[in-house]
Amino acid sequence: MRRWIERVTGAPGSTSFRRFRRIVSAANERGQWAGDLDDADLSRAARAALISPGRSAVVEPTADLLAVLRTAARRTLGEEPFDEQLLAACALAAGNAVEMDTGEGKTLAGALAAAAFAVAGRRVHVLSVNDYLAERDAAWMRPLFDSLDIRVGWVGQHTPLMTRAEMYRLDVVYAPVSEVGYDVLRDRFATTEADRVSPVLDVAIVDEADAVLIDEAVSPLVLAGTSTDSPEDFTLADALVQELDPGLHYAIDADHATVSLTDAGLDLLENRLGGVNLYDTAHTATLTRLNLALHAHVLVHRDVDYLVVDDAIKLINTARGRVAHQQRWPDGLHAAVEAKEQLTVSSPGIVLDTLTVQDLLRRYMTLSGMSGTMVAVAEELAEFYSLRSGRIERRLPNQRTDLPQRVFLDEDSRVDAVLVEARERHRAGQPVLVGTQSVAESEHYAKVLAEAGIEAHVLNARNDAREAAVIAEAGEYGAVTISTQMSGRGTDIRLGGIDEHDHRRVARSGGLAVLQIGRYPSGRLDAQLRGRSGRQGDPGTTATFVSTTDELVQANAPDHLLEKIRRRGSQLDQTTLGSIIDQAQRIAEGIQHDRHRDTWDFSRAIARQRDTVLGDREAVMNGDRAALEVTRRIPEAFDRLASASSPSVVARLARDVALWCLDEQWCDHLAHLTEIRDGIHLQALAGVNPRDEFHRIALREFRGFFASAYDRAADITRDVTPDQLGQDITVLGLRRPSATWTYMTSDNPLGSPMDRAARAAGKWIRTRVNRIE
Ligand code: ADP
Ligand code: MG
């Protein structure tokens, strides 16, 4: 019933782009006119074609503008935009989430939309998932922008601050979303306007938008600074937990998310520590360290969750199967894993400020995005970003065959089946792409294939830098490539090599065969991998090999179904097994959605307070708020200092001191809120809704924030001696961090206690609901 209604009315949050067809066909009629324009006239014609540069957040390109853009693209890039791409450009310019399959040409469609915005006088950020794509796309599209007098640039992790400021003054900037976020955070902490790089958050066109808007949305971007605290020492804790026996001394819960010490484990540890009581409040820190060390040993796996490169821990972003640069786990866990790997424990930092990707994106005046999988998350995009999603059909019919998934009861039989399939297709010359779940698994399959005489290129977080080059070759005749999740996303796999020299032979062999090992945590990720095959009307095949021993199944399938598999697995048919797998994935998706909503709810409360603080901070930095607040509190001291120098020198001092106090207080407040957040689940036990409770406490704790920051500023100023005037505030003992750095916290593998509780509850509820259905 629900399906039927959705077919008629569309899924919640989804929309049709049919209304733009009219403009596109009108643009076709203006093709001749635009084609007759001189190169030198394109820019002027584009601007003249724009009817309303308008105040509104979105732009509706006119037929003339589209015709000019198409002509400009043909002349400068040698690619004539297809109708579908013009349609996509219209939909993007109107602020939508656009679904277009892999290989349909989203890069060009996004650039056309960016050009339309730029012609209308808007500032555009085209946001990508990594540096490589930002640089590539800016270079690729530059001739198009040049011909229209649109200034374009790009920003990556290694772009110096000076250059960033220049780039952000351009009309169109290609950048990874995290870099823009870091710039916003760093700017927020600046003490003079000149230190800012000032990205303008006007229009964002997000590429691979579901990965950014949904999968990474609640990952906080963090600005951290040096702290004088010394790192916690996990050496002892690490040595102790190595003595523990699984089952006897600790237990892992069914969803593999938590590990806890048993009474026997606690006894052993207390003995080793000389008979202390670990539950005594005096030993809380030790117990926490032991728990973290245990977690690091049992639940965090080398080559799955992290790599060790150059004596440092590199986290693997499990959602993408690639190294997550500059990420770290929360300090304690990070140090515990470092101790486990016998690395030098890196120094902890203090978090100065954080910003979630979602929070950043919502600050743009206009938001739009494109990806091969958008409609599946239409509801969430509407809920979190008020975005409407629609699909633009392929230009050429899909020639890809998706074979039904095959479910195995153990790893060995799956490996055998994959081997048979790979060998057969490889023999026929068909390029094969094997999609795996982790670095370790990709290497395992590479070994298995090598033993069978098939050499494969392995594309995983280890050779991150070369991934685009390797994936581009994956369509060669007889090539075998093994990848982790979405590595190489954004790079086209062309049949018969990069220049398609061998396209016919490869197409005749059957095109790219995608063999997927296990299902990803969302149907979208599965679709992304399958979408690698059959681009632009090419032939292709996909096959999926799932094992009931897969983590996704074990962690998410309802217990009674797991039990059924354990008892009568070999008697169950493929349809039954398949539906259990589908159900496990749906549960994983639902948990993720709930988590997104929860995390967003918490971070929104913080974001609102952050905005208030920033408002005051601006008034202090660029106005006379500090002088007013401080004089009001200590008029005599102010007069005394002013007569020793001048009122403006004292005002300057008050400003610097007040900025320091505001920043310091925000940092403390943030730490405090995080602590409350992590402890809030205990409130749930008392029958209180944790979200409401958090909002209530957050509000209470924020009360008096400014009064106490300015009180402190006044106290400090009161004690200033005339000889300290006109100097840096460090003479007053006020230190700013000597260095700052940024990182994105990946999914906390530990999960805050709240996350874990939500996860357990989510699974429980869904199990019941599914049973009723
Ligand atoms: P997507 O991001 O949608 O997966 P890309 O933007 O990477 O696709 O483009 C895929 C390939 O299609 C690129 O190699 C690009 O050169 C080519 N392409 C895109 N648009 C056109 C066009 N209008 N004419 C010819 N080739 C195109
Ligand atoms: Mg792309």
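Keep in mind that glycine also has a Cβ here, set from the backbone N, Cα and C atoms.
According to DSSP, T107 (ATP binding site) is assigned to a helical segment. Residues annotated as ATP binding site in TrEMBL: Q85, G103, E104, G105, K106, T107, D492.
The domain 'SecA family profile' annotation in TrEMBL covers 2-577.
The average pLDDT computed for the domain 'Helicase ATP-binding' (87-247) is 92. The annotation domain 'Helicase ATP-binding' is assigned in TrEMBL to 87-247.
What TrEMBL records for 414-588 is domain 'Helicase C-terminal'.
All protein chains shown were included, and the count of other CB atoms within 10 Å of the CB of G103 (ATP binding site) stands at 20. Summary for the binding-site residues E104, D492: the Cβ-based neighbour count within 10 Å is maximal at E104.
Not one of the binding-site residues Q85, G103, E104, G105, D492 has a CB under 6 Å from ligand 2. Applying an 8 A CB threshold to same-chain residues 6+ apart, the list for Q85 (ATP binding site) reads E104, G105, L108, A109, L112. Under the three-state DSSP scheme, D492 (ATP binding site) falls in the coil class. Residues Q85, G103, E104, G105, K106, T107, D492, recorded as binding ATP, reach a greatest CA to CA spacing of 17 Å. Counting only same-chain residues six or more apart in sequence, the Cβ atoms lying under 8 angstroms from the Cβ of K106 (ATP binding site) belong to A88, V98, M100, D207, M370, S371. The Cβ of T107 (ATP binding site) has D137, W140, M141, D207 as same-chain neighbours under 8 Å, each 6 or more residues away in sequence.
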